[in-house]
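Below is one structure, written out as C-alpha cells; the observations come after it.
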Amino acid sequence: MKIGILSQNETLYSTRRLREACEARGHEAVIINALRCYMNINSVQPSIHFEGNDLTGFDAIIPRIGADITFYGCSVLRQFEMMDVFSVNQSIAISRSRDKLRSLQLLSRKGVGMPITGFASKPDDVPDLIKMVGGAPLVIKLLEGTQGIGVVLAETQTAAESVIEAFMGLKANIMVQEYIKEAGGADIRCFVIGDKVIATMKRQAADGEFRSNLHRGGSASLVRITPEERKTAVAAAKAMGLSVAGVDLLRSERGPLIMEVNSSPGLEGIEAATEKDIAGMIIEYIEKNAAKKNRRHLQYQ
C-alpha cells in the first residue's frame, strides 16, 4: 500500500517510527507537510498538489496534525477523504477533539466521567463560577492551550479570582475544573486503536509540579488499568469518533475521569515505557480497515 503521513517534521520520533513501521511491513511511506499542500476543489475530480505534483494513488493517510495547524491540516485531510482515501482518523473527529469545550460537551452527552467543569468568557460573578466547580483549589485552563501550557492550579479562592480576572483581561475564553487531589499529580495515558486499549502508562508530575505532561518534565511508568478504566477510555475515543487516540484519565474516588482525548498521541513516551511496537499496530489497523473500505468502494462502483 501507499501510505501518506501528514506531518510537518519528518525527524520527529512519531513520524520516523510510523515511516519505519510502514516500510517494515512492505508499504511505501510518503511524508506530506500539510502546510505545503494546495487543493483543487471541484465537483468532478478534486485533487491535492504538493511540490508541483498531484498527490495520487494513496491507499491511506495517517494524520499527525499539530494543534497550531488544525484548521488547514483538517482541510487537507478532508480533501483526501473527498478523494476516497482511507484516513486513520477522520477530519471531523480531529476537529471535535481539538475543541476542548466541544469535546467535554460530547463526553457529557455520552455520560463519560470527567471533572466538574465551568466555561466562561466574561463571568459577572467570578466567586459563583469558582463555587460551581467545588471551590479552591481548582484548575484554570486557557481553551487554546496544549502540552500543559496555559494551565494554572489556583490553591486559594483569592488566587483563583486573580487568575480568572487576569485571563479575562486578555479576552481569553477559560475553563475552570475541580482539582482531583487524590490523583496525586498523576494521570494515565491509554492508547486506543479501534475499540481496544492496546497500551497504557502512568505519567507522574515532577516535584513541585501538578501537570503530568512529559513535555513538562513528568515521568512515565507501566501501569495496569481496571476494566472500568479500559471501558471509559474506549468510550471517550468513540465519543470523539477517533479510531486512534491517546486518552488521558485521572483516578478519582468516584471512578475514572477523562481529562483529554488526543487525536495525534505521541509514540515516544509510551513505546519506551511499554516496549510495544505501537507504530506497527497502527499500520496493522490500516491494513485491516483500508482494505475493507476499498472492498466496499468496489461494490458500489
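Residue positions begin at 1 at the first shown residue.
Yeah, the Cβs are placed from backbone N, Cα and C, and that goes for glycine too.
In Swiss-Prot this protein carries:
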type: DOMAIN; residues: 104-287; note: domain 'ATP-grasp'
type: BINDING; residues: K141, E178, Y179, D187, R211, S212, N213; note: ATP binding site
type: BINDING; residues: D248, E260; note: Mn(2+) 1 binding site
type: BINDING; residues: D248, E260; note: Mg(2+) 1 binding site
type: BINDING; residues: E260, N262; note: Mg(2+) 2 binding site
type: BINDING; residues: E260, N262; note: Mn(2+) 2 binding site
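You'll find the Cα of Y179 (ATP binding site) roughly 15 Å from the Cα of D248 (Mn(2+) 1 binding site). Geometry remark: N262 (Mg(2+) 2 binding site) versus E178 (ATP binding site), CA distance 21 Å. A C-beta separation below 8 Å, combined with a sequence spacing of at least six in one chain, links K141 (ATP binding site) to K100, G150, V151, V152, I174, M175, V176, Q177. Each of the binding-site residues Y179, D187, E260, N262 was assessed for Cβ neighbours inside 10 Å, and the highest tally belongs to D187. In the three-state DSSP classification, D248 (Mn(2+) 1 binding site) falls within a strand.
Long-range Cβ contacts of D248 (Mn(2+) 1 binding site) within its own chain (separation 6+, distance under 8 Å): D187, I188, R189, C190, R203, I258, M259, E260, V261, N262. All chains included, 19 other C-beta atoms sit within 10 angstroms of the C-beta of E178 (ATP binding site).
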